[in-house]
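Step one of this worksheet: look at the structure below.
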């Protein structure tokens with residue numbers, strides 16, 4: 001039986017019809033791949049820019065509540081969220097604010113946390129952490145200004161507020177001294193030592209020496225307990241008595257030793273331990 005001519009195809013034609021594009025096999029063997037046709041992305045981009053993110057309306061409502069009703073109308077995480085609006089302008093900051101509060105327990109805990117720990121929270125980068133620490137520093141300086149050039153003993157609540165803001169959320173023990181003049185006005189506030197989570201080395205001779213250098217006639221000792229419990233230890237009491245005796249020999253008065261915890265403080269003088 002005679003066979004008819006067999007259809008052949010050129011490089012540009014296929015012997016059958018197809019609706020699917022067929023790749024040029026030459027591109028798999030060293031030839032330059034063919035570039036796909038350029039797509040016009042402008043309409044999609046324009047639509048994306050025009051459509052507001054879902055959290056923008058929420059931001060405006062939160063701002064309005066703060067503007068009209070003040071901070072008492074907002075939860076702690078919402079106050080933090082308002083602040084994060086400016087620090088992280090193109091993200092939903094509500095989950096970040098909630099995560100920060102959950103991690104550190106409170107607003108005070110967030111602002112008292114070291115920058116390195118802040119960056120462990122998802123969404124908080126180094127710049128945001130530094131901004132939060134800057135805000136904390138402004139708050140500390142503001143509180144410190146409340147006790148500067150005033151008689152410290154008559155502004156005791158301000159002293160406690162300042163010490164709590166400065167030390168309550170430190171992760172290591174810190175020993176601080178407030179040096180006072182003969183009118184009990186603050187001369188200097190200095191950190192004398194930093195230690196471990198449960199101990200700070202304190203040298204009574206160095207405490208008294210620094211008081212003489214500043215011409216201080218009285219001091220207030222302050223240190224924190226990172227555990228959160230401000231209850232004084234036997235070592236705290238004994239160390240305080242040694243400093244009192246060393247200072248007394250040079251007519252320097254130790255007014256008190258305050259221990260700062262996360263949620264409160266203890267005065268050794270108030271407990272009649274000194």
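The backbone N, Cα and C atoms fix where each Cβ goes, and this holds for glycine too.
The annotation Zn(2+) binding site is assigned in Swiss-Prot to 223, 225, 236. Positions annotated as compositional bias 'Acidic residues' by Swiss-Prot: 10-22. The domain 'MPN' feature in Swiss-Prot is assigned to 152-274; the stated evidence is sequence analysis. Annotation source Swiss-Prot lists region 'Disordered' at 1-37. According to Swiss-Prot, the feature motif 'JAMM motif' maps to 223-236, an assignment based on sequence analysis.
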Proximal but sequence-remote residues of the same chain as residue 225 (Zn(2+) binding site) (Cβ under 8 Å, at least 6 apart): 173, 198, 231, 259, 260, 261
Intrachain C-beta neighbours of residue 223 (Zn(2+) binding site), sequence separation six or more, cut-off 8 angstroms: 167, 173, 174, 175, 176, 200, 236, 257, 258, 259, 260
Zn(2+) site shell beyond 223, 225, 236, criterion: Cβ within 8 Å of Cβ centroid: 173, 200, 224, 230, 232, 233, 259, 260
Helix, strand and coil counts within the motif 'JAMM motif' (223-236) (DSSP): 3 helix, 2 strand, 9 coil
The domain 'MPN' (152-274) - residue tally per DSSP class, helix then strand then coil: 41 helix, 35 strand, 47 coil
Neighbouring C-beta atoms (10 Å sphere around the C-beta of residue 236 (Zn(2+) binding site)): 20
Within the predicted model, mean pLDDT of the domain 'MPN' (152-274): 92
